[in-house]
Each structure stands twice: as C-alpha cells, then as structure tokens.
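**Q** Let me give you the structure first, and then I'll get to my questions.
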Amino acid sequence: MRSSLAPGIKLITSFSRDSWYRGFILLLTFLFYTSYHLSRKPISVVKSQLHRNCSTVIRPADLNITNNDTWCDWAPFDQDNYQTLFGAIDNSFLVAYAIGMFFSGIFGERLPLRYYLTAGMVLSGIFTSLFGLGYYMNIHSVWYYAFVQAMNGLVQTTGWPAVVACVGNWFGKGKRGFIMGVWNSHTSVGNILGSLIAGVFVSSAWGMSFIVPGIIIFSTGVLCFFFLVEHPEDVNCTAPQHHQESAEQEPLLRNSSSNEEIFSSPPPGAANSVVERSEEPTEAISFCGALKIPGVVEFSLCLLFAKLVSYTFLYWLPLYIANVAHFDPKGAGDMSTLFDVGGILGGVVAGLVSDYTGGRASTCCVMLIFAAPMLFVYNHVGQNGVPTTIGMLLVCGALVNGPYALITTAVSADLGTHESLRGNSRALSTVTAIIDGTGSIGAALGPLLAGVISPTGWNNVFYMLITADVLACLLLSRLVYKEIRGWCGYHTRMRGFKEI
C-alpha cells in the first residue's frame, strides 16, 4: 500500500508557480527596503551619545580635561548649539532625499529596476559606513558628517519608487491594502533593527552603529543584483489585473469587489487581455501628466504633513526619551522601537479597513483625527512610568504611521495604475516618486523645526506635530466627501482625467 503524500509536500504543491514567484518577490523587496530604513536609524540613537550629561559619567582617572561639563561629548556637538547641529545633519539627508525623490521616479521608469536598486543600496552602504568611520578617523568637522548624510540621502531615493514599482508589477488590485500594509512593515522593522543594532555599539564604539548597517545594506544590494525579477513576463508568469474593465469608477480607485486573492492568477481571459495591453508600446508618463491623475495632489500634500510627524519621531524620539524620561542612550533607543512596533500594527489595520470599506482617504482621515489628541496626551502623561510609556508609544505609533504607510503603498499603487492611464504601467514609479517626494519635504521640515523649537521646550514641538496632523486631515476632506457620496450611491464617471 502506497503512503499518502507528505503534508509538507502537499502544502508546497498547493501553490502555483506564479504564487511562489509572487511570494519570493514580496519577501525580496521587503528585505531590500528593510535595509534602507535600517541604515537611516542609527543617527537618532547615536545623538544621545554625541552629546551627553557628562556629570553623570564616570571620568577615567588618567584623562586630562579642561572642561568638566563637555569632556565626554564628541566635538563639534559639545557646544550649546548641539541641537541645531543635529538638525542640520538630519536635514542634509532629508533635503537631499526630498529633492532627489522627484527625479528618482523619472529614472526608475527608464532604467532597469534591478540595476537601479543594486547601485542605490551599494552606494548607501558606502556612505553609511563613511559616517561611522568618522569615529575611527577622529573627524570632528560638522561639514564632513553633513556631506556624507547628504550623499546618502541622494542615493537612498533609489529605493522607494523602485520597490513599489516592482511590487506593483507583480500584484493586482485585489486586497492590495492588506498585503501592502503587511509588506510596508519593512519600514518599522528596519527602524527597529537599526535601533537595536546601533544600541549594541553606541556606548562603546558608536562608529560601529553605522558601519554594521552599512555592511548589511551593501550585502542586500548584491542580493538584488543576483535575484530580483522585475516583471512576471520575464519568467513566464501571468501578469496581474490592475483594474476592472468597468464604465463607472470612483475618483480614487475603489477596491475591486471581486474575490481575487493576492497570490492567485487572474482568470485566463483577463490575463490574456492584461498581457496584450502590456505588450503595447507605451511611453513613460510625464511629471505634469502624473499630477493630473485624480487624488495625486491631495494625497501628496497630506503625506507632506503625515511624514513630517513620522520623521520627527524617527530622528528625535530617542533624544526626547533620554531627556524627559532620563534613560541612558541604549535604553532610549530600545524604548523608541515600540513606536515602530505600533507602526506595524497601524499599517496592517489601515490596509484591512481600507480594503473592507473601499475608502483609502477616509481611513487615513479617521486615524489622523485620533492621532492629534493622542500626541497631546503622550507629551503630558507618556513618561509617567514604564507601562504608560510603552502603551502610549504603541498607540501613537499606530495612529501616526498607519496613514503614512497606507498612502505610500496601496494609495500610490492605486494611483499609479489608475484607470485614466489606460493601461500605461510605466506610470507607477513616477507617481510613487511624486507622492513620496512631496512627503519627503515634510520629512525634512519636521526634524529641522524640532531642532529649532526644542530649545524652547518639548511642549512646543508637540504642538507643531499636532498642527501638522490636523492639516494632513483637512487636505483629504474633498476625497473623503467623494468616498462618502460613493457609499451613499452617488457615482462619478471618468473620462480621461475629468470628472463629469
């Protein structure tokens, strides 16, 4: 009597060849962008080591010093203007990132994604490591660190448009919010790993807090070169179906009402029509053409303020915890990872809710409405004991990063494959770059404003963050109104880029 097939083999064979490739691409791009964020995080942890309260540090007996207050600090961050210098270094990265992002999508549409991503990760690994080498080469020039950060910000713009375009090439619209909400946890996972790795070395040799992440992202760049597959057609897989062939559409693409599973292939007829459309020669969309897609401007401006809040936490939260709750540098870095854990949960919940309701803008707006008062509460009671700190960081992380995650993933992919593009699949990278590039302006402004405002008190920093959240919510009001009208049975017909 022959034995039945082993359960593990049954599980493996239950998935089609297309499903395995889709899962592989999802995992690979997850690792790629995890490494991008992993290499950005160390600076926020190391700040509290570069400028410390030296009165609490045991001084070596053989150390000859002239200033008892700053002997343990790293020049030039040993002066009273250290917060301004930190803000300048943060903005060297973020301004270069914001400017480069608008051009990155254009290049991403015209260059092979595999080469583009590989070059970006390899160069980012080099510049991240150069920052850490400043410790071993005893460099005390703020211009050196600002230049390295600026170059790193420029090359890191290769990441987001390319990975979103790659995932968009492989996955259709069904359950996109959920799958991209899970996939977008790479941002928070990268932040968590970056904090933990930096925390291991920050008190002993802070240079390694940058060199180790630099090696990691360099290695993932090599992995990208050998294994990334840009399009399903390159390995004879079925192309996904990006939207329904329907006469009536919402101004912002509503989620498919079909039960298309994210790892399933489209029906044969639909697949053939998609393949036929993909074989038609199409030109990459222009910058102005991408701006005309309904919803791009509103979500771009909303992301500007949402990302302002998120990146202020990314770069200043460990220092805030160290100053207000009096944690050591490693403890503050470890505690700040809870904000990113909350961000993972927020991204998944936002994706699920927006898939179920079909309201991307409404989901973002509701989370932003709740985020504003929670930031106020965290600033006033968040440091009253470790349990309170943990709970508030998780809640604030979910509410702040949930809309940010949804806009940069599912919304960008929706708009980049909008029906008004009539099958032009080459718009995804440009649309993603416009949305994230606009958001990156906020990412640059947030830490800069925090550096300027924080000397006047942390309360004022939180008032700035609350104001940004409210503005982000207001910018979505028109799209929220249209989504509510759609739920009530009022539909608009799309012709080109116009609504009638």
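The backbone N, Cα and C atoms fix where each Cβ goes, and this holds for glycine too.
Automated prediction, rather than curation, is the source of TrEMBL annotations.
Feature annotation from TrEMBL assigns domain 'Major facilitator superfamily (MFS) profile' to 28-485. Positions annotated as transmembrane segment by TrEMBL: 20-38, 84-103, 115-137, 143-171, 183-202, 208-229, 296-317, 337-354, 361-378, 390-415, 427-449, 461-481.
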**Q** Return the average pLDDT for the domain 'Major facilitator superfamily (MFS) profile' (28-485) as a whole number.
**A** 81
**Q** So what's near the transmembrane segment (84-103) in sequence-distant terms, Cβ-Cβ under 8 Å and 6+ beyond its ends?
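**A** Distal contacts: 40, 43, 47, 50-51, 76-77, 142, 145-147, 149-154, 156-157, 160-161, 287, 311, 315, 319, 433-434, 436-437, 440-441, 443-444, 447-448, 450-452.
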**Q** Out of 115-137, 183-202, 208-229, 390-415, 461-481, what stretch is closest in contact terms to the transmembrane segment (337-354), meaning most Cβ pairs under 8 angstroms?
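**A** So the stretch in question is 390-415.
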**Q** Which range out of 20-38, 143-171, 208-229, 296-317, 461-481 gives the transmembrane segment (390-415) the most CB pairs under 8 Å?
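**A** The listed stretch sharing the most Cβ pairs with the transmembrane segment (390-415) is 296-317.
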**Q** Is the transmembrane segment (361-378) in contact with the transmembrane segment (20-38), using three or more Cβ pairs under 8 angstroms as the rule and ignoring pairs under 6 apart in sequence?
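**A** Result for the transmembrane segment (20-38) with the transmembrane segment (361-378) is no.
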**Q** Residue list, the transmembrane segment (115-137) vs rest of chain: Cβ under 8 Å, 6 or more residues beyond ends.
**A** 32, 35-36, 39, 42-43, 74, 107-108, 144-145, 148-149, 151-152, 155-159, 162-163, 205-211, 213-222, 224-225, 228
**Q** What else in the chain is close to the transmembrane segment (461-481), if you only count residues 6 or more beyond its ends and a Cβ gap under 8 Å?
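**A** For the transmembrane segment (461-481), the list is 251-252, 295, 298-299, 301-306, 308-309, 312, 316, 320, 359-362, 364-365, 368-369, 371-372, 375-376, 378-379, 400, 403, 442, 446, 449-450, 453-454.
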**Q** Suppose I define contact as three or more CB-CB distances under 8 A, residues 6 or more apart in sequence; do the transmembrane segment (296-317) and the transmembrane segment (208-229) meet it?
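**A** Judged by the Cβ rule, the two regions do not touch, with the required three close pairs absent.
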